[in-house]
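Note sheet for the following structure.
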Protein chains: 2
Amino acid sequence: MKKYNGYLIDLDGTMYRGTECIAEARDFVKELHRKGIPYLFVTNNSSRTPAQVAEKLQSFGVPATAEHVFTTSQATANYIFERKPDASVYVIGEEGIRTALEEKGFTFAKEDADFVVMGIDRSITYEKLAIACLAVRNGATFISTNADIAIPTERGLLPGNGSLTAVVAVSTQVQPIFIGKPEKVIMEQALKVLGIPREETLMIGDYYDTDIMAGMNAGIDTLLVHTGVTTKELLKQYEKQPTYTVDSLREWMDRI
Amino acid sequence: MKKYNGYLIDLDGTMYRGTECIAEARDFVKELHRKGIPYLFVTNNSSRTPAQVAEKLQSFGVPATAEHVFTTSQATANYIFERKPDASVYVIGEEGIRTALEEKGFTFAKEDADFVVMGIDRSITYEKLAIACLAVRNGATFISTNADIAIPTERGLLPGNGSLTAVVAVSTQVQPIFIGKPEKVIMEQALKVLGIPREETLMIGDYYDTDIMAGMNAGIDTLLVHTGVTTKELLKQYEKQPTYTVDSLREWMDRI
């Protein structure tokens, strides 16, 4: 049986569901930590900083520091930095994406920005969308942290960043570059941070359309855990199956 | 030469450009008025009431009362009324659509509304979009006043209602019923208000994709006037041509 030397792990639906910790996942990560096997949490959440995410994981007893968290906001900031280190950006989004862009030293601009970046923004306004449209029409490169169409909440499924992004995409008729899962952009960067070769790394997640497809798109073996979105029933509909499936991460403990 | 006994006339790009009156169009409508030929202005603008629109036309010297104006908001309210006179509605939009729905006596609701109605709303918020998504997921019929992707302003092209509508359409994966031009819904209703048979009516507008297509979709003869969006050059790209084209409505004066 193949052993993996590094793990990329999804958060929502894999490590917790909303405010509820998934105990088997916590125990699994504790075991990785005990054995000194590198792991990195990879999330499409652009609203929180790595430190904020780590704090939540710690509160569940999961061994995690900010360095164990890789967000789509960090991937977005890296992506822009690789192309134009002195870029000006116009950003729609919350603390996570703003902090990630600030840390790279980008300047902030409006209609004349080099890049327009959209992440989930629950304080969205028409004026913010208007500036984004004007900047994209002026030639800014249009980037969106992730294409998630909905966010699960206790009220039901609320609009995700992919649906907010549609305002600018539809109005300008320019399609954004998406960074988050299932795109391989975030996965390639996460592999670099993890520091383990692709073929020795396993991607773990609960959602076929983002986590598993991201792994496949990046040529990484995948493990689907049925603790979140993609049930066994749903999984049957997909032609290309994950490398492995488990009901909970308890089943993977002896594979570490 | 065929004479028409009734006219449906677009506003922006046909009667005026922003705050600038198109003199030939004003003179043309004055002549219709003098000869007692029925005319109705048909607009995708959902934000203003017929009285507000008439006031603007009057300020340009165009003979117009509220009864001469038919907006996509009125068409939307009529559409719902024909299907469920006691409907509850959740509305995103400005004064025009709110007034039109109030005048029909609908009740206003939120997540449990029978209909979700979206018109342009420059005070859009995440919470408004969230309620619309929840209502549509709960089974509300999803209606959008119009699919216009952009609004021309002095700042440039800002997001139109079609792009705001995309948030809810993308998030819920439910496509809305569009009411405004180029849909025939608004045209069928406008014909009823005008009171002239379809084959005796001419639709005048400057924008092929909305005005002319609306006429074609409703089986009404069309006149494209090159005072707005669709230039002669752009028009060449379309296979199906309008019934008539003119540079300005001065050319149509002797056809009245």
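Backbone N, Cα and C define each Cβ position, glycine as well.
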> Which of these, A:ASP121, A:ASP148, A:ASP206, A:ASP209, does TrEMBL say binds Mg(2+) at the same site as A:ASP10, A:ASP12?
Replying inline: A:ASP206
>> Can you name every residue in this chain, apart from A:ASP10, A:ASP12, A:ASP206, with its Cβ inside 8 Å of the center of the Cβ atoms of the recorded Mg(2+) site?
In response: A:LEU11, A:GLY13, A:THR14, A:MET15, A:GLY205, A:TYR207, A:ASP211, A:THR227, A:GLY228, A:VAL229
> Near the Cβ of A:ASP12 (active site, proton donor), how many other Cβ atoms are there if near means within 10 Å?
Replying inline: 18
> Other than its own, how many Cβ atoms are within 10 Å of the Cβ belonging to A:LYS181 (substrate binding site)?
Replying inline: 32
> What is the total of other Cβ atoms whose distance to the Cβ of A:ASP206 (Mg(2+) binding site) is within 10 Å?
Replying inline: 24
>> So among A:ASP10, A:ASP12, A:ASP206, all listed as recorded positions, which is physically nearest to A:LYS181 (substrate binding site)? Use the C-alpha atoms.
In response: A:ASP10
